[in-house]
Amino acid sequence: MSVQQIDWDLALIQKYNYSGPRYTSYPTALEFSEDFGEQAFLQAVARYPERPLSLYVHIPFCHKLCYFCGCNKIVTRQQHKADQYLDALEQEIVHRAPLFAGRHVSQLHWGGGTPTYLNKAQISRLMKLLRENFQFNADAEISIEVDPREIELDVLDHLRAEGFNRLSMGVQDFNKEVQRLVNREQDEEFIFALLNHAREIGFTSTNIDLIYGLPKQTPESFAFTLKRVAELNPDRLSVFNYAHLPTIFAAQRKIKDADLPSPQQKLDILQETIAFLTQSGYQFIGMDHFARPDDELAVAQREGVLHRNFQGYTTQGDTDLLGMGVSAISMIGDCYAQNQKELKQYYQQVDEQGNALWRGIALTRDDCIRRDVIKSLICNFRLDYAPIEKQWDLHFADYFAEDLKLLAPLAKDGLVDVDEKGIQVTAKGRLLIRNICMCFDTYLRQKARMQQFSRVI
């Protein structure tokens, strides 16, 4: 598909700016059940033994608390706790790896928390453990999330020596007052030095995370952040919408409601961000992601072969995803499975059973069909009926008659073009892709649970 500019229609954005899922999975994690057990997981593992493997390892520790954070994390300065955690991870890895014998790992990602909480010896220990138990492709993507306050240049050298070739750095905002109010003060010069050094030593892909909607942010202050980010020139950018949920995330209670930008200011910041980044040469991938036109995500989207999973957008859609560590989520075969979310329960279950499986879901045929539909729309901004009809032996207009009725008002508003061959998301619809996907979500129709999701913008 051709690269489209976003058509910013404020009236439509305000009309459709209600809560909805982010669709890193379908069904979403709200449908996970503790009835899903180890036997169902083992059956899913055996279903597609030829699939390559993507690994995710969750490192929950942080030295400091960022007030905006909604991630599963443990704030501590006691480094020995990471050793205890690695002991449990070793048990889980040694127990899980034989199930995937013969499969090749094409992708590894360390997320958190703060993965660079680990010191050099701990980093090496974990990488050695993974390489000894899994078979990595020579060209595997090996990525890590980095907090610029928690790393030195020599640690970056160490990561590169251990095989890491991709880097994602949380910057959030360059404004000093904003940083102070969210307890995340950082050295701007060092961020530039870090990214430049990463490129010099052979990291092939760099990503910067920003957040809009933080306290004391204004369109003017965020414009400064965007200008500095453009000078950093990362391959990819993620610009997340801050969801203020202090009743759910205790740390957010330290943020004063009065300091937050108004809903209109947030929309102004988003509009400014999209305009600035697209004018700076970035392609809008969708949701909150941007990439350079020559980046593989941008290329894959233009070719209609982009995919999405719990780690975000990816070019590797034919892989099974195995998540390890506390709260980690796996996508194996036609199932989703999540590990214990609390560290105490994680330790106890790994010690007793060798795994930490807490809950999950085995997808029905209908789930799989709808997953394919939603993935095509959210990743590639279009859906061709023919491949769905062929793969699942159905007639699209009949099978999705109710869904197409729900989509009709969105088509009338110009968010999508619908004909007998498929659905094309328009320039107006790109920002509201979650709303478009929601038309095909039967779980939303069955239960009035939309308040449990973040707003789409």
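Heads up, the Cβ atoms here are built off N, Cα and C, so glycines get one too.
Since we're looking at a predicted model, the values are computed, not measured.
Of the residues A40, A140, A243, Swiss-Prot puts just one in the S-adenosyl-L-methionine 2 site with F68, C69, G70, G113, T114, Q172, R184, D209: A243. Per Swiss-Prot, S-adenosyl-L-methionine 1 is bound by Y56, G112, I329; the candidate from E145, E150, E152, E296 named for the same site is E145. Its Cβ taken as reference, F68 (S-adenosyl-L-methionine 2 binding site) is surrounded by 26 other Cβ atoms within 10 Å in the chains shown.
Checked against E145 (S-adenosyl-L-methionine 1 binding site) by C-alpha proximity, the binding-site residues C62, C66, A243 yield C62 as the nearest. Across Y56, G112, E145, I329, which the record gives as binding S-adenosyl-L-methionine 1, the greatest C-alpha separation is 17 Å. Taken together, the residues in the domain 'Radical SAM core' (47-280) have a mean pLDDT of 96 on the 0 to 100 scale. Looking only at the binding-site residues C62, C66, C69, G112, the densest Cβ neighbourhood within 10 Å occurs at G112. Nearest neighbour of T114 (S-adenosyl-L-methionine 2 binding site) by Cα distance, taken over the binding-site residues Y56, C62, C66, C69, I329: C62.
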